[in-house]
Number of protein chains: 4
Amino acid sequence: MALSVEKTAAGREYKVKDMSQADFGRLEIELAEGAKITGSLHMTIQTAVLIETLTALGAEVRWCSCNIFSTQDHAAAAIARDSAAVFAWKGETLQEYWWCTERALDWGPTGGPDLIVDDGGDATLLIHEGVKAEEVYEKTGQLPDPASTDNAEFQIVLTIIRDGLKADPKKYRRMKERLVGVSEETTTGVKRLYQMQANGTLLFPAINVNDSVTKSKFDNLYGCRHSLPDGLMRATDVMIAGKVAVVCGYGDVGKGCAAALKQAGARVIVTEIDPICALQALMEGLQVLTLEDVVSEADIFVTTTGNKDIIMVDHMRKMKNNAIVCNIGHFDNEIDMLGLESYPGVKRITIKPQTDRWVFPETKTGIIVLAEGRLMNLGCATGHPSFVMSCSFTNQVIAQLELWKEKATGKYEKKVYVLPKHLDEKVAALHLGKLGAKLTKLTKDQADYISVPVEGPYKPPHYRY
Amino acid sequence: MALSVEKTAAGREYKVKDMSQADFGRLEIELAEGAKITGSLHMTIQTAVLIETLTALGAEVRWCSCNIFSTQDHAAAAIARDSAAVFAWKGETLQEYWWCTERALDWGPTGGPDLIVDDGGDATLLIHEGVKAEEVYEKTGQLPDPASTDNAEFQIVLTIIRDGLKADPKKYRRMKERLVGVSEETTTGVKRLYQMQANGTLLFPAINVNDSVTKSKFDNLYGCRHSLPDGLMRATDVMIAGKVAVVCGYGDVGKGCAAALKQAGARVIVTEIDPICALQALMEGLQVLTLEDVVSEADIFVTTTGNKDIIMVDHMRKMKNNAIVCNIGHFDNEIDMLGLESYPGVKRITIKPQTDRWVFPETKTGIIVLAEGRLMNLGCATGHPSFVMSCSFTNQVIAQLELWKEKATGKYEKKVYVLPKHLDEKVAALHLGKLGAKLTKLTKDQADYISVPVEGPYKPPHYRY
Amino acid sequence: MALSVEKTAAGREYKVKDMSQADFGRLEIELAEGAKITGSLHMTIQTAVLIETLTALGAEVRWCSCNIFSTQDHAAAAIARDSAAVFAWKGETLQEYWWCTERALDWGPTGGPDLIVDDGGDATLLIHEGVKAEEVYEKTGQLPDPASTDNAEFQIVLTIIRDGLKADPKKYRRMKERLVGVSEETTTGVKRLYQMQANGTLLFPAINVNDSVTKSKFDNLYGCRHSLPDGLMRATDVMIAGKVAVVCGYGDVGKGCAAALKQAGARVIVTEIDPICALQALMEGLQVLTLEDVVSEADIFVTTTGNKDIIMVDHMRKMKNNAIVCNIGHFDNEIDMLGLESYPGVKRITIKPQTDRWVFPETKTGIIVLAEGRLMNLGCATGHPSFVMSCSFTNQVIAQLELWKEKATGKYEKKVYVLPKHLDEKVAALHLGKLGAKLTKLTKDQADYISVPVEGPYKPPHYRY
Amino acid sequence: MALSVEKTAAGREYKVKDMSQADFGRLEIELAEGAKITGSLHMTIQTAVLIETLTALGAEVRWCSCNIFSTQDHAAAAIARDSAAVFAWKGETLQEYWWCTERALDWGPTGGPDLIVDDGGDATLLIHEGVKAEEVYEKTGQLPDPASTDNAEFQIVLTIIRDGLKADPKKYRRMKERLVGVSEETTTGVKRLYQMQANGTLLFPAINVNDSVTKSKFDNLYGCRHSLPDGLMRATDVMIAGKVAVVCGYGDVGKGCAAALKQAGARVIVTEIDPICALQALMEGLQVLTLEDVVSEADIFVTTTGNKDIIMVDHMRKMKNNAIVCNIGHFDNEIDMLGLESYPGVKRITIKPQTDRWVFPETKTGIIVLAEGRLMNLGCATGHPSFVMSCSFTNQVIAQLELWKEKATGKYEKKVYVLPKHLDEKVAALHLGKLGAKLTKLTKDQADYISVPVEGPYKPPHYRY
């Protein structure tokens with residue numbers, strides 16, 4: 001499989017590996033005892049390097065993607081042949097998606113994985129829902145009922161659990177018992193974890209990798225600044241200059257998207273619920289309005305909120321002919337795809353895979369929806385570039401090592417943790433050389449003056465960067 | 001062929017057609033007499049619309065591409081089936097390329113085309129060289145000798161002419177006789193035309209479309225600002241932010257490239273021969289150095305000069321491992337591909353089509369060359385977006401109509417002409433509505449005060465925009 | 001004094017007043033009991049509005065500036081005549097500066113102020129040092145010895161305390177007893193407070209206003225983005241485009257400065273100790289080097305670190321002729337003014353107030369130092385614009401009201417606090433209307449989905465914006 | 001007069017002098033014969049250097065300003081004491097202004113100047129109107145009648161001519177006879193010259209300095225990008241970020257202004273009559289609307305058109321309270337100051353010199369007008385920075401030398417000329433070193449390939465940069 005070799009030859013991929021070996025070599029012995037890791041995270045070239053870093057550190061790995069469109073099939077194939085069990089392909093159905101997730105978690109009769117690398121929280125969700133169902137079943141004999149929910153995807157989750165339950169009514173509880181912890185990649189998954197922590201339902205320790213500065217302020221921001229226009233261009237070849245673009249949400253992802261669109265010559269309008277983020281948008285010269293204000297005048301719409309029901313079918317009906325609608329938030333419920341699909345008389349014309357034109361019957365005009373409302377940068381392009389993913393995944397590796405190292409010490413309870421700042425700074429430091437940067441060194445006298453150690457960490461925990 | 005229909009449905013393509021029909025409808029009768037047009041211009045979706053505009057105006061068309069990698073095969077197929085004779089596919093050899101050019105010019109025994117749409121001047125060159133060879137042959141019986149030149153491509157041109165000469169020793173002169181004129185698309189072709197005008201060797205009238213403001217200050221500048229990063233991302237997925245990029249040349253194309261790279265977060269260094277352009281680069285915060293100063297520290301190199309021998313193999317040897325080298329100027333001689341290919345012990349590893357890694361034997365390090373040194377935006381992506389090409393091609397259509405209308409009046413001599421400014425302004429005006437712009441109208445009093453007609457043109461000929 | 005009336009007429013100033021009256025009207029009764037407030041904060045037009053807001057809420061106010069150059073004399077005069085006791089003028093000596101601080105704290109025999117508005121922590125420092133000296137004196141009869149320190153400014157502080165000690169040996173302890181708390185404006189002062197909290201030496205509660213998002217991510221960032229180029233232009237009229245600028249430190253202030261310089265066309269180089277901030281600079285296309293690397297090639301140097309000894313006289317000697325050296329960090333010890341002044345044979349030529357050319361004897365070349373190394377935006381221009389200061393000072397007012405309201409409840413101990421997020425969001429919301437923004441409202445369903453109240457706060461405490 | 005010495009010490013000023021001496025030293029002998037030069041151009045520090053360059057080359061100089069507010073009084077005083085006859089002060093009345101112009105042209109009984117340096121064309125206008133009046137008077141005995149025009153300023157011009165006519169009825173014709181030519185600085189003056197050339201009324205040769213690339217594409221563009229925000233900040237201290245700004249006109253000046261405002265964080269809306277310039281604005285992400293569309297929502301209005309009657313009093317009445325209205329075009333008739341002043345019940349409140357608030361009686365709201373509608377960058381700040389003026393004035397010096405050298409050869413007829421491109425490139429080349437740039441040199445082979453001399457000029461005359 002030549003392609004993975006090519007990428008390796010590009011040097012970037014070796015970066016994370018070398019780094020880990022150099023800096024965490026002494027920890028290798030622990031993962032080398034054979035930690036079993038399940039990952040649910042976009043199966044791309046960059047993730048392939050993460051997987052091979054984990055296996056090089058001694059782990060056994062099973063992997064699925066966390067998005068039906070994000071798998072790069074050559075990356076999946078290379079890993080499947082050389083390094084780990086992989087269950088992922090581009091263009092899964094939702095049934096297939098959850099089957100893959102279940103496969104990746106299934107390590108046979110001894111229980112599930114020791115560690116989970118999660119992105120969006122679907123692997124974590126499946127275990128939590130599984131445990132819940134098993135407990136109900138044990139107490140009441142009642143099986144989960146897919147018809148109890150309107151949510152089509154959750155019906156599938158319940159079906160999978162139900163179907164497995166009779167065969168093995170303790171599977172998920174064995175998983176829970178074995179599991180040392182999860183490290184979670186993204187805002188959406190982290191939000192779920194904090195909700196479970198607040199409700200007291202979290203079943204195992206979790207490290208919030210998303211909120212490492214070198215993750216959320218790099219991957220979410222600079223990654224999207226790169227991959228949003230990449231996805232737009234590959235999917236539509238549209239000229240961004242001169243267009244009116246609406247970015248829904250001005251968090252880290254929205255900031256990256258708005259910056260990219262503005263720099264490419266679009267006029268950008270932001271929608272926000274949070275007055276602080278709104279004021280930030282204004283300070284950058286962006287207009288802040290509601291979607292209703294601009295729905296019929298804009299050319300490009302991007303959702304970045306992490307919330308649901310942002311662009312509804314009633315919005316889409318009012319858009320200009322060939323307005324482009326896409327989502328770069330984790331889940332596909334930011335855009336009302338269900339409402340669109342079930343709109344009476346609507347016609348879907350597939351221009352090419354992941355680029356659909358939907359024509360409304362009244363107006364005969366249509367809109368272009370990318371990646372069926374799922375992450376357009378992964379569905380229509382190749383996601384974030386390696387450099388920024390190297391920052392994110394170095395945090396993942398550190399988190400996995402930390403959970404594993406402390407597995408017997410009780411350091412981590414059933415709570416959500418972030419990595420300590422000196423590790424965050426270390427991740428950044430490891431990436432400076434590649435870009436030719438030279439750091440200034442504090443003198444002892446200067447360090448004392450600002451009350452920090454000479455070698456860092458340099459900022460208080462509340463510092464915002 | 002569904003794809004051409006889809007694009008048409010996107011509305012952009014209809015734009016140029018509607019415009020032409022509305023504004024030049026009265027001219028239709030003339031092209032409708034059946035002007036024969038040969039085009040040598042990248043066979044893309046955008047060009048397909050140009051071709052169909054010309055046929056809708058009544059012309060017969062034969063087409064070839066002006067670059068071996070720039071053809072979009074689905075566009076070529078759609079046109080070949082529906083509208084015109086097409087000789088073009090992605091990945092031609094140089095022999096095939098010139099065969100295609102010769103085919104596109106060959107309208108049978110009655111002579112060649114009435115009009116040429118040229119891009120880079122290869123169709124024009126073939127006729128001029130053909131005529132020259134025929135005249136020498138008629139006088140001296142001597143055939144062109146491909147061995148008389150070192151230039152591999154020119155050897156092919158001479159071979160084609162030589163091979164045809166015995167069969168039909170008057171072919172190119174018949175072409176010349178019939179030809180009403182050529183409209184030329186790009187800087188490089190225009191340069192050749194002015195040279196021939198200066199030497200007195202130009203055989204027919206030429207309209208310089210490149211120097212319409214709505215072409216050179218839009219297509220060259222904003223088109224490249226869009227398509228350079230698009231090509232980089234599709235070919236390499238490299239993160240541009242944080243990288244050092246060298247842009248050779250700071251004309252319109254270089255300005256667009258430098259702006260795109262800077263906006264994406266690269267540190268941009270410009271090389272220039274012209275002190276005025278150099279000072280412009282400095283005013284934008286770009287560093288101006290020579291290639292030698294930075295060759296071993298930069299990550300990305302782009303040539304935009306329109307000159308030759310810009311990045312030589314000796315430069316490439318000194319580059320960092322996996323430096324990216326590409327060209328967005330018209331011809332492939334900006335990068336010393338010949339020197340690279342013939343470097344002793346060099347190895348070429350094709351990562352994917354149009355993306356090659358060349359490894360030097362001494363250092364085992366390699367560089368990434370895009371599109372074999374040819375136009376990377378067309379070789380690795382899809383070229384400029386439709387909106388900007390609509391500006392360029394509206395100028396082409398106007399030029400063709402103008403040449404045809406005046407074919408019998410002697411208005412155009414064997415010289416190079418630019419389109420009058422009121423047509424340039426018209427091209428711009430036709431594109432404003434799509435972007436929601438509203439023009440201010442001069443009052444008569446204001447118009448008199450600045451001595452222009454109320455309806456324009458508004459600027460003196462020397463105005464630089 | 002017409003000027004304050006004119007500014008009031010501009011509407012901005014009324015903004016804060018109206019806002020406070022509308023939203024905190026119910027709190028007025030408490031400050032109306034007559035809280036005595038001492039402020040040590042740049043005595044500008046914007047601060048005048050803060051003072052009048054506090055007096056409108058019922059407080060009595062005494063004020064000094066926290067910088068010898070930052071007072072706008074017409075603002076000081078207007079307040080002195082109309083609203084509060086003011087001790088401040090542009091161009092104080094250090095002796096005069098500390099005399100002013102001591103005057104502003106002196107509310108007569110009943111003790112000092114109830115509340116302090118501090119900026120940089122000098123008022124807080126004076127009380128702490130005063131108390132310490134009184135305690136030593138009471139125990140040992142020993143007076144503070146100015147000769148015990150090398151620091152010229154601290155010698156002055158000790159002298160003032162010593163001179164007052166014999167007359168009134170309990171003055172600072174009475175102040176401490178009376179004091180309800182301090183609200184601190186800036187990074188430097190906050191750092192001091194956290195140090196005292198860590199050492200257990202903090203004598204009264206403190207609210208860290210600096211780390212409200214609507215302060216540090218606005219005032220520090222966007223304020224400096226505005227006022228750095230303003231100061232440079234007013235002081236030197238230098239063209240920023242084309243110049244090489246070094247920004248020492250890439251925190252919020254450094255980010256604002258670097259953005260302003262880059263946008264104006266400079267090539268910007270950043271120096272940093274923190275690898276995370278360094279990586280952020282790289283992602284924006286800025287070069288990260290050490291000062292030593294670039295000292296002899298840059299045209300403009302700006303210190304923003306909050307640390308000391310950043311640009312030393314040995315650096316200055318190596319700079320280009322007429323390099324501009326300035327500081328926008330809180331204290332003047334970022335630039336080695338002492339080293340410069342005492343350099344053998346150096347000559348100071350005052351071009352105009354706050355703009356000095358210092359010529360070195362060996363080279364006869366000189367550098368331009370702004371505002372004697374103090375805050376150049378206040379020394380050479382008028383500081384931050386009103387809009388951004390309105391954000392900061394709304395936080396100050398809220399903090400003062402909060403301290404006062406809770407003065408008897410024991411809610412605030414001798415620790416450092418930040419304002420709760422809903423107040424931070426309120427400050428932002430109050431400033432949106434002026435800029436024509438419209439917020440999107442969450443539905444209850446959406447709010448539940450992301451687990452926040454419909455009316456906010458919308459983000460977890462660790463969110464970085 | 002210490003200030004001029006200080007500025008000299010800053011090195012910039014020496015730049016032009018050294019350059020001229022080095023490169024045009026051989027020409028010195030000609031100006032050294034004692035050319036009499038009258039200048040009508042903003043009497044600033046930068047102009048002082050121009051004057052001293054001319055005197056260093058041997059000329060005698062008399063000078064006035066071309067704007068009633070643009071004189072920097074210390075610059076005027078220094079030149080008056082040391083170098084030339086100066087008639088200029090900040091805040092002239094229009095009567096005083098034309099008196100100054102007439103004084104600067106009056107070299108006594110032997111006639112007027114040999115050469116004129118003009119900016120806006122007022123010196124040129126006075127001579128043309130004077131000659132016309134003398135000819136009518138000689139033929140008909142009729143004196144010019146100020147009452148024959150509505151234009152208040154032109155009434156003053158006619159009055160001055162009338163008053164001088166009886167005393168010396170041949171003065172302006174003697175001037176015309178003696179005059180070798182004029183070099184004109186700016187777009188507005190150039191427009192007048194081309195009109196006179198077209199009408200056949202131009203009385204002497206003129207060199208259009210404005211259209212040297214190193215003038216119009218630098219001074220107009222980058223100069224205004226610097227000095228527009230400088231003027232706004234000094235006059236109003238307004239925060240530009242977050243504001244809505246309208247730029248009327250998107251020529252070189254408008255492009256510079258719009259770029260500055262956008263970069264500072266404003267949302268910029270452009271008004272344009274020319275569809276090409278409008279399309280350029282759109283490609284930069286700016287909105288293009290009419291003034292009527294946005295008059296009541298914008299915060300800042302800037303006129304840059306070179307036309308008249310752009311912002312009328314009826315527009316101003318509809319603006320938001322404290323909207324800022326200013327002009328950076330050459331003449332003050334872009335803003336309807338007359339309409340404003342004569343509006344019934346309007347009140348003018350002078351906040352500080354050149355910053356007036358005008359309150360309308362109906363609404364009690366007011367607008368802020370800068371520099372009474374005249375060039376706000378010169379009225380409220382110090383105009384363009386020295387670096388860019390050095391480019392412009394190097395062109396002026398070259399133009400003056402060229403006119404003088406060719407005074408007897410008949411090379412220049414009564415027409416308008418631009419400087420040849422090699423001199424334009426020379427001006428740029430002379431300014432590169434200061435910014436650390438290094439040019440690439442063409443090989444002979446490369447130069448031949450693109451058909452230019454190795455040493456330039458490098459571009460065809462129609463090249464737009």
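Yeah, the Cβs are placed from backbone N, Cα and C, and that goes for glycine too.
Any TrEMBL annotation is an automated prediction that lacks curation.
The shown structure was predicted, so the numbers you read here are calculated from the model rather than taken from an experiment.
According to TrEMBL, the protein carries these features:
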type: BINDING; residues: C:T44, C:D119, C:E185, C:K215, C:D219; note: substrate binding site
type: BINDING; residues: C:186-188, C:251-256, C:E272, C:328-330, C:N377, C:H384; note: NAD(+) binding site
type: DOMAIN; residues: C:220-383; note: domain 'S-adenosyl-L-homocysteine hydrolase NAD binding'
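For C:T44 (substrate binding site), the count of additional Cβ atoms within 10 Å of its Cβ stands at 24 [all protein chains shown].
Sequence-distant neighbours of C:D219 (substrate binding site) (same chain, six or more apart, CB under 8 Å from its CB) are C:H384, C:V388, C:M389, C:C391, C:S392, listed in sequence order. Taking every protein chain shown into account, C:K215, C:H330 are the binding-site residues, and of these the Cβ with the most other Cβ atoms within 10 Å belongs to C:K215. Each residue contributes its Cα atom, and for C:G254 (NAD(+) binding site) and C:K215 (substrate binding site) these two points are 15 Å apart.
Each residue contributes its Cα atom, and for C:T186 (NAD(+) binding site) and C:K215 (substrate binding site) those atoms are 9 Å apart. Across the structure, C:T44 (substrate binding site) and C:G256 (NAD(+) binding site) are spaced 21 Å apart at their Cα atoms. Within its own chain, C:T188 (NAD(+) binding site) has C:G120, C:G121, C:G306, C:G329, C:H330, C:F331 as residues 6 or more apart in sequence whose C-beta sits under 8 angstroms from its own.
Between the binding-site residues C:G254, C:G256, C:G254 has the most other Cβ atoms inside 10 Å of its own Cβ, all protein chains included. For the binding-site residues given as C:T186, C:I328, C:H384, the lowest number of other CB atoms within 10 Å of the residue's CB is seen at C:T186.
For C:D119 (substrate binding site), the spatially nearest entry among the binding-site residues C:D252, C:G256, C:I328 is C:I328, judged by CA separation.
If you compare every pair of Cα atoms in C:T44, C:D119, C:E185, C:K215, C:D219, the residues listed for substrate, the longest distance is 17 angstrom. Summarising model confidence by region, the domain 'S-adenosyl-L-homocysteine hydrolase NAD binding' (C:220-383) averages a pLDDT of 97. According to DSSP, C:T44 (substrate binding site) is assigned to coil rather than to any helix or strand. C:E185 (substrate binding site) is 15 Å away from C:I328 (NAD(+) binding site) when you measure Cα to Cα.
Distance from the CA of C:D252 (NAD(+) binding site) to the CA of C:E185 (substrate binding site) is 14 Å.
In the three-state DSSP scheme, C:G254 (NAD(+) binding site) falls into the helix class. Separating the Cα atoms of C:K215 (substrate binding site) and C:D252 (NAD(+) binding site) is a whole-number distance of 11 Å.
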